[in-house]
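Asks: Take this structure, written in structure tokens, and hold onto it; I'll ask about it next.
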Amino acid sequence: MSSAKLGSASEDVSRRDANYHPTVWGDFFLTHSSDFLENNDSILEKHEELKQEVRNLLVVETSDLPSKIQLTDDIIRLGVGYHFETEIKAQLEKLHDHQLHLNFDLLTTSVWFRLLRGHGFSISSDVFKRFKNTKGEFETEDARTLWCLYEATHLRVDGEDILEEAIQFSRKKLEALLPELSFPLNECVRDALHIPYHRNVQRLAARQYIPQYDAEPTKIESLSLFAKIDFNMLQALHQRELREASRWWKEFDFPSKLPYARDRIAEGYYWMMGAHFEPKFSLSRKFLNRIIGITSLIDDTYDVYGTLEEVTLFTEAVERWDIEAVKDIPKYMQVIYIGMLGIFEDFKDNLINARGKDYCIDYAIEVFKEIVRSYQREAEYFHTGYVPSYDEYMENSIISGGYKMFIILMLIGRGEFELKETLDWASTIPEMVKASSLIARYIDDLQTYKAEEERGETVSAVRCYMREYDVSEEEACKKMREMIEIEWKRLNKTTLEADEVSSSVVIPSLNFTRVLEVMYDKGDGYSDSQGVTKDRIAALLRHAIEI
């Protein structure tokens with residue numbers, strides 16, 4: 001706790017301090033840019049030539065279905081599948097209808113199953129029954145087969161006992177075999193045991209897989225080179241976007257004006273790029289990066305620095321959504337409020353320029369107001385000493401975790417669908433949005449509740465569950481981890497049941513959940529980004545792949 005005066009606060013008040021570390025990047029992304037494409041028309045020509053070669057490989061008719069399945073999977077895992085969405089969909093439809101899978105071995109069946117389920121095709125897990133022996137047990141010692149089986153099990157839904165058995169079997173075998181494996185299979189297995197592909201940020205997974213694939217004796221040279229060039233080309237685009245975001249952040253001078261808050265514009269960009277990296281979603285990334293930046297400042301103000309009176313004034317100003325309201329909030333908050341209004345006004349202008357209409361901006365503003373209300377409730381928990389029930393806490397945290405907001409804003413930014421109907425549906429917090437939000441909350445609370453308690457907070461999913469069900473801290477944490485698995489199964493199930501409206505929400509729900517899995521796998525990688533988060537950002541946004 002500290003006595004602090006910021007802005008024009010009229011009196012000293014006791015305020016908390018989370019002691020967040022300063023940015024680990026300084027002005028690096030403000031000045032750095034890739035020279036990969038600079039005066040290099042030959043690279044663009046080579047990229048186009050290789051893309052056509054890969055497309056030809058993908059669409060050519062063949063009776064060798066296992067090879068076609070492996071090629072399709074490699075294209076997706078290498079991060080270049082977005083170039084061939086139509087062709088991949090056509091291939092998967094053929095593979096879904098084909099009965100020759102009865103002749104596939106366990107390795108090919110596992111890849112086939114994961115590919116199809118991962119793209120929304122309903123495939124029964126009974127396809128694995130024929131790989132059990134007379135004792136009802138799986139039996140294989142082949143590491144590559146075990147790796148593929150393990151990856152496939154993470155698309156399981158509730159009640160699939162055979163996949164529950166398969167995940168235990170394959171994990172145990174892989175852990176035992178790992179020390180004996182050599183590159184690149186050892187890294188493939190290690191990565192999967194750490195974060196399986198289905199739960200990994202797809203851009204990060206591609207960065208990991210590109211050198212692994214390149215070392216395979218059976219690699220296709222044109223595909224390997226295409227993946228490297230495409231990664232570096234996309235990285236150059238992402239660097240330009242982050243440079244623009246860093247310039248905006250610096251112009252507002254948020255770090256010096258709000259020293260109690262997290263200075264994490266690069267980490268926020270990594271978050272949004274992880275959710276949708278494709279070039280066509282540049283507008284959405286730009287908007288969402290600024291949104292996560294301003295939301296993070298508001299969150300820290302409500303959680304750490306602001307008094308209850310101050311944050312209540314800010315909440316009221318957000319409800320008014322009027323520049324005149326800035327006069328009614330403390331001076332130190334005004335830069336946040338002005339920045340917030342500016343983001344939405346800029347986004348509105350971009351929507352009009354890009355699509356000729358801006359009706360969706362009302363959805364964006366409303367969902368932003370909703371998250372501020374949820375922050376207000378959490379501030380009231382702390383300042384009044386009110387302890388909510390577990391269900392009450394979770395109901396509010398589904399909103400305060402931000403994933404409903406991010407999913408809806410991402411849908412608006414992407415603009416691919418009949419938006420009004422989709423946004424009306426997503427605003428009701430349907431099952432896939434709820435599952436994604438709950439996974440985010442459980443993961444977040446497991447990694448942050450102790451740090452929050454050190455600064456005086458006593459309300460978290462862990463503590464509320466302990467209090468309500470009279471269990472130990474260890475038991476409550478175990479329950480949270482079990483709930484993460486339950487919600488992942490529910491999320492998987494909703495993707496298989498998606499209709500025309502809900503299918504547009506599948507990818508945002510999955511990708512935002514994946515980002516949380518990765519960002520919080522070794523702690524709160526957003527608040528403390530000095531370790532593995534910094535390394536991952538550097539791999540994606542700083543270091544090009546050698547060609």
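Every residue gets a Cβ built from N, Cα and C, even glycine.
I grabbed these lines from Swiss-Prot:
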type    : residues       : note
BINDING : ASP299, ASP303 : Mg(2+) 1 binding site
BINDING : ASP299, ASP303 : Mg(2+) 2 binding site
BINDING : ASP444         : Mg(2+) 3 binding site
MOTIF   : 299-303        : motif 'DDXXD motif'
Asks: Could you say whether, by DSSP, ASP303 (Mg(2+) 1 binding site) belongs to a helix, a strand or a coil region?
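Replies: Reduced to three states, the DSSP call for ASP303 (Mg(2+) 1 binding site) is helix.
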Asks: Whole-number answer please: how many Å between the C-alpha atoms of the residue listed as 'Mg(2+) 3 binding site' and ASP303 (Mg(2+) 1 binding site)?
Replies: 15
Asks: If you skip the near sequence neighbours and keep only those at least six away, which residues in the chain come within under 8 angstroms of ASP299 (Mg(2+) 1 binding site), Cβ to Cβ?
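Replies: Non-local contacts for ASP299 (Mg(2+) 1 binding site): TYR375.
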Asks: Run through the Cβ atoms and count how many others sit within 10 Å of the one on the residue listed as 'Mg(2+) 3 binding site'.
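Replies: Counting Cβ neighbours of the residue listed as 'Mg(2+) 3 binding site' within 10 Å gives 21.
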Asks: If one looks at the chain holding ASP303 (Mg(2+) 1 binding site), which residues at least 6 apart in sequence have a CB under 8 angstroms from its CB?
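Replies: When sequence neighbours closer than 6 are ignored, ASP303 (Mg(2+) 1 binding site) has ALA18, TYR375, GLU378, ALA379, GLU452, GLU457 within Cβ distance under 8 Å.
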